[in-house]
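A.B. asks: For reference, Swiss-Prot lists these features for the protein:
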SIGNAL    1-25  signal peptide
DISULFID  76-87  disulfide bond
DISULFID  127-135  disulfide bond
DISULFID  137-157  disulfide bond
DISULFID  206-220  disulfide bond
DISULFID  208-215  disulfide bond
LIPID     212  O-palmitoleoyl serine
DISULFID  278-309  disulfide bond
DISULFID  294-304  disulfide bond
CARBOHYD  295  N-linked glycosylation site
DISULFID  308-348  disulfide bond
DISULFID  324-339  disulfide bond
DISULFID  326-336  disulfide bond
DISULFID  331-332  disulfide bond
């Protein structure tokens with residue numbers, strides 16, 4: 001081995017770590033980190049000092065955030081279930097999604113927004129359930145108020161979403177605020193859009209009091225909607241995401257195509273076009289669609305033509321147990337038999353290239 005290279009060789013893994021592009025939100029890996037709060041705070045790679053401080057100071061909040069990761073990743077996978085990129089996660093990768101989010105694409109915009117929303121949702125819910133020392137129900141919702149139906153009393157436990165938003169902003173945005181590059185600004189914008197999305201679906205719920213439920217007196221509280229509403233809303237924002245470029249002074253965005261409107265704080269923004277995700281690509285972090293189940297009768301993104309990228313599909317027949325011949329019995333039960341059902345399953349063919357199965 002060449003002498004100068006021999007001196008560098010022991011340091012090569014560290015040098016590669018420094019030079020490799022990085023996905024900012026390493027806190028996503030908190031889902032996979034068990035043990036005490038100290039173990040979690042010290043072993044999640046990539047946290048900046050502010051995030052570690054908050055982690056050590058608020059271990060109960062970190063547990064809520066860690067549990068919330070599973071919820072928002074499941075929501076991401078639900079929204080992308082019929083698409084070539086299906087929000088698949090990598091258990092052994094501290095970025096959770098691998099290299100696919102290194103590209104400043106619409107998919108990256110959605111993941112940053114849904115993850116930020118997930119933190120708000122998880123913290124706010126934990127507050128209302130009395131699981132956090134630093135917060136409880138919304139202290140501002142007290143006394144009497146009015147709405148279109150008349151006067152009511154604040155009661156019950158209103159979700160303290162403002163606390164959830166403040167903590168999420170401090171923790172999630174900490175790493176991006178240390179950077180001044182375009183990607184950091186993109187992430188901050190989409191993080192904020194995600195937080196705002198949760199608050200958008202805060203709803204007033206009421207209980208009537210009076211003779212025979214006459215509603216002479218109402219007690220009301222504010223509650224977050226099911227997280228699916230936030231996911232559906234951000235999915236619509238993903239489909240309408242706006243491609244942007246940095247402005248000349250590097251402090252904000254301008255639309256890449258002048259025919260499109262300027263993005264609002266609720267919109268998702270991105271810089272780069274997405275890959276087609278058709279084949280496994282180590283550099284792009286794309287797992288490809290070989291082996292994915294497709295829908296032969298669909299004309300949408302889950303159709304065999306679109307999902308398989310024109311490569312064709314294989315068909316296999318499987319059997320599964322289903323309920324059949326169900327009958328209503330008085331009173332009051334439905335009884336069914338177990339039947340075997342045969343059905344065809346269509347899966348995308350692999351590319352003809354010999355290296356398609358190379359691990360990412």
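Cβ atoms are placed via backbone N, Cα and C, with glycine included.
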A.B. asks: Spatially speaking, which of the disulfide-bonded residues 76, 220, 332, 336, 348 is closest to residue 278 (disulfide bond)? Use C-alpha to C-alpha, please.
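C.D. replies: It is 348, whose Cα lies nearest.
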A.B. asks: Near residue 309 (disulfide bond), meaning Cα within 10 Å, which of 76, 137, 326, 332 (disulfide-bonded residues)?
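C.D. replies: Those near residue 309 (disulfide bond) - Cα within 10 Å - do not exist; the answer is none.
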A.B. asks: Need the DSSP three-state call for residue 332 (disulfide bond) to compare against my parser.
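C.D. replies: Residue 332 (disulfide bond) sits in coil per DSSP, no helix or strand.
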A.B. asks: By a 10 A CB contact count over all chains shown, which of the disulfide-bonded residues listed here is most packed: 76, 87, 324, 331?
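C.D. replies: When each Cβ's neighbours within 10 Å are tallied, 76 leads.
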A.B. asks: Tell me which residues of the chain lie with their Cβ under 8 angstroms from that of residue 336 (disulfide bond), as long as they are six or more apart in sequence?
C.D. replies: 323, 324, 325, 326, 327
A.B. asks: Considering only the recorded positions 127, 208, 295, 304, which fall within 10 Å of residue 137 (disulfide bond) when distances are taken between Cα atoms?
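C.D. replies: Passing the 10 Å Cα cut: 127.
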A.B. asks: On the three-state reduction of DSSP, what should I expect for residue 76 (disulfide bond)?
C.D. replies: helix
A.B. asks: List nothing but the one residue from 208, 215, 326, 348 whose Cβ has the fewest other Cβ atoms within 10 Å; the candidates are the disulfide-bonded residues.
C.D. replies: 326
A.B. asks: Only counting partners 6 or more residues apart, tell me which same-chain residues put their Cβ under 8 Å from the Cβ of residue 206 (disulfide bond).
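C.D. replies: For residue 206 (disulfide bond), the qualifying residues are 152, 218, 219, 220, 221.
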